[in-house]
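Input: a single structure, listed below in structure tokens.
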Amino acid sequence: MTEAGPAQAGPFRYTLAMHPIQVIERGREDYQPCFDAMRAFTAARTPETPDQVWLVEHPPVYTLGQAGDPAHLLAPDDRIPVVQIDRGGQITYHGPGQVVAYLLLDLRRRRLMVRELVHGIEQAVLDTLAAYNLAAERKPGAPGIYLSDGPHQGAKIAALGLKIRNGCSYHGVSLNVQMDLSPFLRINPCGYAGLETVDMASAGATFAAADANGAPLPVTAAQQPEIALRLAAALCEVLAAHEARALAAEGTAAPAEAKQPGETALAS
């Protein structure tokens with residue numbers, strides 16, 4: 001079940017579990033103020049603060065994880081700023097035509113271990129891509145999502161990075177829809193030399209509508225708002241399913257707190 005306000009008027013809530021999640025569409029926003037807002041939200045949280053998923057599109061920016069090696073920026077571009085941040089991982093690129101979902105969650109309240117959160121985020125991306133007829137997969141030891149067949153097999157289509165502070169997460173996942181991919185050629189994406197990066201449009205994603213001949217239509221930037229909301233719904237469904245399982249288990253066993261370190265940064 002979804003509770004939603006008028007179109008274009010977020011936030012709205014997914015109420016699939018005991019602890020609802022607010023989904024907030026922030027539109028296009030410069031990276032630095034969005035990053036600052038995530039940190040401020042997390043620092044100000046109380047045990048009653050609702051969890052949120054922020055949907056954002058950023059102007060062109062490179063972000064470098066807290067232990068990132070600047071050498072992975074192979075060819076700096078004066079038009080694209082580089083922002084050092086506190087997530088795990090190396091360097092990645094955000095820009096127009098990309099859906100970014102930031103997950104501001106109380107992991108202890110949701111009985112979530114960090115590894116379970118990463119797995120859940122990846123599953124939500126896989127489910128979203130499947131809805132647009134793209135086959136993709138995880139790779140052991142390399143967080144994110146990669147195409148599993150076709151001419152772009154092995155190319156990365158979604159990057160993931162998190163920060164855990166006092167048991168609460170921020171940062172999240174980016175999914176390439178239809179974007180200028182050339183800025184990725186100036187970096188070793190996520191620290192991997194030669195890694196191909198792809199978007200949904202160039203990978204041949206299609207959606208339910210059909211042309212005059214009955215053929216499915218290709219995904220373009222016009223579908224980005226729909227894809228963003230579908231990803232948000234998939235994230236909320238995965239989180240709700242985990243919470244339901246955890247609560248069911250607690251019905252027959254002593255509650256087990258999801259123990260989190262004070263701070264953790266996960267690779268992208």
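The backbone N, Cα and C atoms fix where each Cβ goes, and this holds for glycine too.
Features of the protein shown, as given by Swiss-Prot:
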- C190: active site, acyl-thioester intermediate (ACT_SITE)
- R87, G88, G89, Q90, I91, T92, Y93, H94, A159, L160, G161, G172, V173, S174: substrate binding site (BINDING)
- 47-243: domain 'BPL/LPL catalytic' (DOMAIN)
- K156: site 'Lowers pKa of active site Cys' (SITE)
**Report entry** Greatest inter-residue Cα distance in Å for the substrate-binding set R87, G88, G89, Q90, I91, T92, Y93, H94, A159, L160, G161, G172, V173, S174
**Finding:** 16
Report task. With an 8 Å cut-off on Cβ-Cβ distance and a minimum sequence separation of at least 6, pull the same-chain contacts of V173 (substrate binding site), or say none. Result -> V100, A101, L103, I121, A124, V125, A158, A159, L160, L231
Requested in this report: Given the recorded positions R87, I91, K156, G161, state which is nearest to the residue listed as 'active site, acyl-thioester intermediate' when distance is taken between Cα atoms.
Outcome: I91
Query raised in the report: For the residue listed as 'active site, acyl-thioester intermediate', which DSSP three-state class applies?
Result: helix
Query raised in the report: For G161 (substrate binding site), which DSSP three-state class applies?
Result: strand
Query raised in the report: If you measure I91 (substrate binding site) to K156 (site 'Lowers pKa of active site Cys') at Cα, how many Å is it?
Result: 14
